[in-house]
Structure formats: structure tokens, C-alpha cells
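Data block below; observations after.
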Amino acid sequence: MELPLLALLSLGLVCQGGQGLVPPNELKQLSAAGSKYIDAEVENAINGVKQMKTLMDKTSKEHQAMLHTLEETKKKKEEAVKLALEKEKQLAEKQEVCNETMLSLWEECKPCLKHTCMRVYSKMCHSGSGLVGRQLEEFLNRSSPFSIWVNGERIDDLLDREQRQERRFEDLEERFGLMEDGVEDIFQDSTQLYGPAFPFFRTPPFGGFREAFVPPVQRVHLVPRRRLSRELHPFFQHPMHGFHRLFQPLFEMTQHMLDGGHGAWEHPLGGFATESRNFSTDRMVCREIRRNSAGCLRMRDECEKCREILAVDCSQTDPVQSQLREQFEDALRLAERFTRRYDDLLSAFQAEMLNTSSLLDQLNRQFGWVSRLGNLTQGNDGFLQVTTVFSKTPNLEDPSAPADTQVTVQLFDSEPLSLTVPGDISWDDPRFMEIVAEQALQHYKQNNTIE
């Protein structure tokens, strides 16, 4: 601190009519008493950061177990999809069986499918009916009843959903990594205080504190973080912006997506043309029909002749085909079950991250300020320096009341700060410096914590 600045502060107080209470040689004792309080608060904050680190390490272990479960579920899902594709291919090679019966039904099924699909599209979607109608007619003309007979669009559903799950997983994984890195940064910055500033951390019971939290094997990041890291770059500059904010927008976005996704999964498109529709589902249906006319095949249950195609039994002509179809259906059901399981696991992981990030934010708001002291060097006189103690001008409305005391301090590397202590607490009362140190630290926290 520059001496001219202190002189000006002291002069300013004297000019206001204040009276010096403490001789200069006593200021060091007050500084030492205040620094003792600050040291205890810093120690408490570092222990709070330790709680953050412990929580994050525990979460990381649970995360690794979750990754293993996700990988196992994904593997089983992919095996079931692969089997379904193989059975579909084998069925396609035998589609000439019962071909005459199904072709006849197909010619009556197509007009109904087109009419039903366009009716739903016109009701849900704002524009593009003419183009969609032409695309749908071309699609139906080059398709065969086999598409309906084997429920082929269910495989398309599985493949599309797999892509969405992969994107969602990558997003979650990257955000988890950012949270993990943020906690690690706060911890590492806090541990910079060990050394000249806090030599007691080098001896029991604090000895080995830092080393105890250095993992023997660094976590392997499964997903490149470049894309999302750029989007969330401000988080690295100001980690106190909030861990919870990493996951809350993603949770809301995913909730909308899943609400629509499950609706499409559980109901045929024809079922969307009801009063229970919602706008997110409508948008999804419109987009799907515009992108892929095959989505209209879901409406087969709305058309009698299409339902009859589903009921065609070719077992008398070719028992093997009937067996293949049964195997195909079994594989599809299994793949759908594992797909739902994977979604549930991702949702559980995301909910856990919301809870953990909220708790980390609470700890960070309470203790994270200590990480701002990482590059600070403590002098021989401690972190809190008392520069002036003056009695303020008595209250004219109550002259008999003791005048408040004005104290000027400097805490850490902050600017000098003027604080007021009630007049009934004298400067030699132990509570005096506790009040001063507490006020100074509270002011520092407010200016160094980003809500």
C-alpha cells in the first residue's frame, strides 16, 4: 500500500472532526488479531473447496460406472438392430411369396394412406402440402406392400433415435467434463495458498492435503470438447457463473425433445390428429413427413386394406418366411426395449448432474472466493492490515451515546476500505476486530463472487 494514500485517508478523517483512538504501535496488534480471524476463514473456505473436490471425485466414479452401463446397453441395442436388419433382408428376398394377395391389397391401401397422411399434414403444418403430396405419391408408387407387412419404418425409427441419443450423450459428456475441469481449477487455485502464506498446511493434520486429491490416473475424456468448449468459453473465465447453468438449458431442451419423441414412438401418426396434440409433437411430425414420406406408412392402422396386409399369413406357402417374420419382430422389440433403456439411463445421468451441479454451486458461492487468492503473497503482517482507527463525530441527536468508530483496513490485495464499528464496542474489546474482519471479508466476498 502506498504511504501517500494512507496519509490522505488519515488526513481526511481528521478533517471530518474524528479523533484518533489507537496509537500507531497498537495498529499492528489489531492487524494481527484481524488476520487471525481471516486465516481461520480462509482455512474454512479451503476445507469447503475440499468438499467440492470430494463430491466431484465421487461423482466422477459414479460417472465411470454409468458410462460402463451405457456402453453395455448400447452394445445390446446395436446387436438387436443388426439382427433385425438381417432378418428384414432375408424377408425381402422372399417377398414374392403371397405377392399376388398383397399387391391387390396394396393398390387399395395406397389411396387411403395418401389421403390420411395429407389430411393430418394439412391440419398440423402451415405450408408445403402440394410438394409433400407429390413426394408422397411418388414414394408410394415405387414402394411395395412389403414395407407395411414387416413394419419396416420401425427400423428407421431406431436408427434415427440412435443418432439423437449419440448427440445427446456427447453433449452431456462434454458438459460433465467442463464441470469436472471447473472444480479442478478452483481446487488447484485454492491450493496455491499452501506455502509461505499458510505454512500450517504443510504439517499435520493438513500435510498431504493437496496430494490426497491428485488422482493416480487422469480421467479419459471420451468425447472431444472443442465444439462445446467454444460455446461455453466464458465459463472458463468465470467459473463462478454457475455449474448448474451448464445443465439446466440442456435439461429443458431435452425434456421438450423427449416429450415429442416418446409421443411419436408410442402412437401412430394418425393418433396425432387429436385434441391432445402439442406443438412440439406437431413440428416433429411435419418435419418427419417433409423429410421422409415413409413416415406416412405409420398411418397404416387408419386404413382397412393396409391392416389386411399386416394380417396376411404366408405360413402355408412358406413356413420359413413366417418364422423369419417372427424373428424380425422379436429383434425389433428387443432393440426398442434397449433404446428406451438407454434413454432412461441418459435421463438419470442428466438428473444426477442437475442435482450435483446445484450442490456444487452452493459450495462454490460459500467457499469459492478463496480460489481468487491463489497468486496472493502474504506478508509478515498477515492478510488484514489496519491503517487507521478514528472515533467519528458524536451523534448530535443523542450526544450521550458513544460515538461509532471508523476503521480503515486493507484485506488481501483489495483497495482500502472504511468500516464502522458500534461505539459501545471499544477497540481493545476482542469483538472489535472480529466485527472489522467479518465486515471486510463479507465485502471482499461480495466483490469476488459472481452469482
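Here the Cβ of each residue, glycine as well, is placed from N, Cα and C on the backbone.
Swiss-Prot has this to say about the protein:
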type: CARBOHYD; residues: ASN99; note: N-linked glycosylation site
type: CARBOHYD; residues: ASN141; note: N-linked glycosylation site
type: CARBOHYD; residues: ASN278; note: N-linked glycosylation site
type: CARBOHYD; residues: ASN355; note: N-linked glycosylation site
type: CARBOHYD; residues: ASN375; note: N-linked glycosylation site
type: CARBOHYD; residues: ASN447; note: N-linked glycosylation site
type: SIGNAL; residues: 1-18; note: signal peptide
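The Cβ of ASN375 (N-linked glycosylation site) has 9 other Cβ atoms within 10 Å, all protein chains considered.
Closest to ASN355 (N-linked glycosylation site) in space, going by CA atoms and restricting to the glycosylation sites ASN141, ASN375, ASN447, is ASN447. Recorded residues ASN447 (N-linked glycosylation site) and ASN141 (N-linked glycosylation site) have their alpha carbons 70 Å apart, per Cα-Cα distance.
Candidate glycosylation sites: ASN141, ASN355. Fewest other C-beta atoms within 10 angstroms, ASN141. Look at ASN375 (N-linked glycosylation site): DSSP puts it in coil. Secondary structure at ASN141 (N-linked glycosylation site), taken from DSSP and collapsed to helix, strand or coil, is helix. For the pair formed by ASN141 (N-linked glycosylation site) and ASN375 (N-linked glycosylation site), distance between Cα atoms is given as 73 Å, rounded to the nearest Å.
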